[in-house]
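These notes are about the structure you will find just below.
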Amino acid sequence: MAESNSPKGGSSVFARKVQRQLSRGKEKVLQKLGKAVESKDDEFENYLAKFYDQQTDGNRIHKDLRAYLNAVRDMREASRRLSHSLFDVYEPDWVGEEDLGAIVEGEDLLWNDFEVKLLDQAIRTMESYVSQFPDVRVRRSNVNTHLETAAFSKHSISNMEATQFLFLLQEKIAKRGRKLVDYDSARHHLEALQSAKKKDDVKISKAEEEMNVAKAVYEGINNELKEELPTLHDNRIGCYVAVFLAVSNLRDTFYKEVSSLNRDLHNVIGELQAQHPDKQFSVKGIQRYGSLRRTLLSPRAWKASFSEFHRSYNPKPTRFSFKSPEKPKHGTLSRESSSTAVSPQPIIPEQPNPEPADLDTASSPEKSSPVEDNPEVKEEEPSGSEKKQEDEEKV
C-alpha cells in the first residue's frame with residue numbers, strides 16, 4: 001500500500017499502463033497490416049451480432065411506439081374538437097341534446113383512458129427493455145447520477161437495475177476486446193522469441209508465463225459473456241409478448257366502447273332526422289364520377305386500370321388554345337369531328353372517269369375540260385377510206 005502511494009510506485013504503475021497501451025497499439029497495427037493473426041471465437045461473434053441486432057430492433061420498436069402514442073394524442077384532440085363543435089351547434093330544442101352531451105363526454109374519457117393505459121402498459125415496458133442497451137460512450141458517473149436522482153417507482157427501479165446490469169455488460173464486452181489484444185500480443189511475442197536464431201530460455205519462460213496469464217483473463221471474460229448474452233437475447237420474446245398483448249387488449253376494449261358510443265350517436269342523429277323530416281339537404285355542383293368506380297375495384301385492380309389508361313391515353317389531339325377554342329392548336333382532328341367548329345375550303349375527290357354532269361358542275365378550274373378552255377380547237381380530220389366513200393356517194 002505504501003509502495004503504491006509513493007512517487008516511485010506511482011511512476012511504475014503509470015509506466016506499465018503506458019507500456020500496455022503501446023503494445024496494444026502495435027498489435028492492432030500489425031493485425032491491420034496482416035502481419036499478425038487475430039484470435040477469433042465464432043460462437044462469441046455470433047452472440048455479439050445478435051446482441052447488436054437486438055439493440056437495433058428494440059430501439060426501432062420503441063420509436064414506433066412513441067410515434068403511435070403521439071398519433072393517438074393527435075387523434076384524441078381532433079375527435080374532441082369535432083365532438084364539441086357538434087355539441088356547440090346543436091340547438092336546445094332539438095331532440096337528444098342531453099344524450100349528445102353524454103356521448104361527447106364519454107368519448108373524451110375513452111380517448112384519455114386509452115392514452116394513459118397505452119403509456120403505462122406498453123411504452124413503459126418498452127422503455128425498460130430498451131434501457132438495457134445504453135450507449136457504450138456513457139460514463140459510469142452519468143449512470144450513477146441517473147440512478148441517484150431517479151424516482152423510486154416500480155418502473156424506475158426496474159429501469160435502474162437493467163441499466164446498471166447492461167452498462168456492466170457493455171463494459172465487459174469492451175474489456176474482453178482489450179484482453180484479447182493483450183493475449184494476441186503476448187502470444188506473438190512468445191512465438192517471436194521461440195523462432196529467433198539465438199534463443200534465451202529465461203525470456204521464453206517469462207513470455208510463456210505472461211501469455212498464460214493473459215489467456216486465462218481473456219478466456220474467463222469470454223466464457224462469462226457467452227453465458228450472459230444468450231440469456232439477454234432470449235428476454236426479447238417476453239418483452240414483445242408483454243408489449244403487444246397490452247396494445248392488442250387496449251385497442252380491443254377501446255374499439256368496442258367507441259363503437260357503442262358511435263351507435264348512440266347514430267341513434268341521436270336519426271331521431272333528429274325524424275324530428276325534422278322536411279329539412280333535407282341535397283349536394284349540388286359536386287362531380288361524383290370516378291369515386292363510385294374506385295370503391296368497386298380493389299387497390300391492385302385500380303392501380304392496373306390506372307396504368308393502362310395512362311399507356312393508352314394521348315393528350316395531344318385534345319390540346320386546344322385558350323384564346324381561340326374553336327380552332328385546334330395542332331389540327332390533328334378529322335374533318336367530320338371539326339366541321340362544326342371550322343369551315344375549310346371543300347375538296348372534291350378525284351375520279352378516274354368523270355361524268356358530263358360532274359364536269360358541268362365542277363367548280364375547280366383544274367378539273368374543267370380542254371374544249372371549254374380552248375373553243376377554237378379543230379375537229380379530227382377523216383381518214384382516207386372515209387374520203388373515198390364520200391366521193392362514191394356524190395357520183
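From the backbone N, Cα and C atoms, a Cβ is placed for every residue, glycine too.
Bear in mind that TrEMBL entries carry predicted annotations, made automatically and left uncurated.
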The annotated coiled coil range in TrEMBL, which must be one of 155-189, 190-224, 225-259: 190-224
Other parts of the chain folded back onto the coiled coil (190-224), taken as Cβ under 8 Å at six or more residues beyond its ends: 41, 44, 172, 175-176, 179-180, 182-183
